[in-house]
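A.B. asks: Dropping the structure in here first, questions after.
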Amino acid sequence: MTAVPISLGRAAPQIPPGAVPDPAAGLVDTHGRVHRDLRISLTDRCSLRCTYCMPEQGNEWLARTSILTTDEIVEIAEVATSLGIRTFRLTGGEPLLRTDIVDVVRRVAAISGPDGPVEVAMTTNGIRLAEVLPDLIAAGLTRLNISIDTIDRERFAALTRRDRLDDVLEGIAAAAASDLKPLKLNAVAMRGVNDDQLADLVAFAMDVGAQLRFIEQMPLDSGHTWDRSSMVTREEILEALSERWSLEPVPGRGGAPAEKWRIDGGPHEVGVIASVTAPFCGACDRLRLTADGQFRNCLFSLTEYDVTTAVRGMPVGAALEDRQRVIAEILHACVLGKLPGHAINDPSFLQPARGMNAIGG
Ligand code: SAM
Ligand code: SF4
């Protein structure tokens with residue numbers, strides 16, 4: 001069976017002739033990047049409605065029947081591990097809305113690769129976290145990112161369209177008291193929304209023993225309202241923080257999306273993920289699996305590689321190795337189709353049809 005990329009607008013990248021996947025080589029693309037990180041979106045639903053991610057109303061939800069089951073996720077994760085994936089980040093939508101979340105973590109964390117057990121991380125908005133965190137840790141969760149854009153209750157309610165700041169703070173407190181280290185907090189910097197509070201957010205993170213990472217707002221909102229002129233840039237974020245602290249760059253970024261700075265000589269650090277003004281595609285080692293089983297090789301890609309249809313279309317009782325081969329072929333096709341970089345800064349850039357909540361951030 002040959003994996004067929006589904007093009008959602010821009011021309012589907014051609015898989016170079018002769019580029020036959022070599023399982024032993026791992027997930028290496030045509031630009032030499034080795035992929036070790038797979039972000040799995042568990043749902044497109046969410047308990048919040050952040051303006052930069054989802055519309056207030058009228059979102060087109062994925063059909064429930066299309067959402068991958070836990071068995072399907074585990075099967076795909078096992079194949080991905082055999083091809084070199086070492087870290088799985090569970091995301092969404094809001095991953096904690098998935099009722100079987102502890103089971104998903106337990107079963108993915110039980111997978112071992114040649115270097116030992118895989119790492120299972122999660123990005124969450126923190127709601128419900130306080131309640132489930134002990135079970136998640138017992139199940140094998142090793143790292144946690146919690147998103148919080150403001151600690152001002154009114155602004156939080158306006159930005160997320162839900163008055164749930166207390167629940168998020170409770171989740172952050174539970175995470176801060178746990179052994180999951182380093183705890184990272186994500187904040188999207190937005191003009192006129194939280195750009196006068198960036199240093200306060202960092203101070204809050206330092207107080208709870210977490211590391212804050214600012215994210216430049218990207219054109220991934222399902223309402224398609226992103227506007228470059230109102231985006232707060234990496235430079236502006238650094239300028240705002242430099243008014244309060246001295247910042248010294250931390251060397252050794254590797255493939256990490258965040259550039260980091262040491263605050264006043266340390267030990268605290270702050271990060272900036274500048275996907276728009278300082279893209280880091282050359283070192284990208286990440287792939288994505290949407291909740292409805294589409295592999296994606298970039299947040300901004302217009303092409304998806306449909307694993308659900310392929311696997312669900314196989315005859316009942318198909319041999320395990322045949323199912324695994326089909327998944328591996330689709331994953332390899334996805335990797336081989338990866339472009340050298342995203343085109344946000346190109347006039348021909350087209351925003352993907354899916355919003356961030358349906359891609360998996
Ligand atoms: N619901 C979870 C959360 O908010 O952490 C996980 C999914 S969310 C899509 C993952 C991350 O993507 C969050 O940190 C969120 O702030 C970020 N995000 C969402 N839309 C974004 C956008 N348009 N630009 C930049 N970051 C965005
Ligand atoms: Fe939900 Fe996360 Fe999107 Fe906010 S950023 S709406 S919490 S998925």
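For all residues, glycine too, the Cβ spot is worked out from N, Cα and C.
As the structure is a computational prediction, the values presented were derived from the model and not from experiment.
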A.B. asks: Of C298, C334, which one shares the [4Fe-4S] cluster 2 site with C281, C284 in TrEMBL?
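C.D. replies: Site partner of C281, C284 for [4Fe-4S] cluster 2, according to TrEMBL: C298.
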A.B. asks: Measuring Cα to Cα, how many angstrom lie between R39 (GTP binding site) and C298 ([4Fe-4S] cluster 2 binding site)?
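C.D. replies: Cα of R39 (GTP binding site) to Cα of C298 ([4Fe-4S] cluster 2 binding site) measures 11 Å after rounding.
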A.B. asks: Any of the binding-site residues R39, R89, K184, M218, R288, C298 with a C-beta atom under 6 A from ligand 1? Give them in order, or none.
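C.D. replies: So the answer is M218.
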A.B. asks: Which binding-site residues among C46, C50, C53, G93, M218 have CB under 6 Å of ligand 2?
C.D. replies: C46, C50, C53, G93
A.B. asks: Checking the binding-site residues C46, C284, R286, L287, C298, which are within 10 Å of S147 (S-adenosyl-L-methionine binding site) at the Cα level?
C.D. replies: none
A.B. asks: Could you say whether, by DSSP, C53 ([4Fe-4S] cluster 1 binding site) belongs to a helix, a strand or a coil region?
C.D. replies: coil
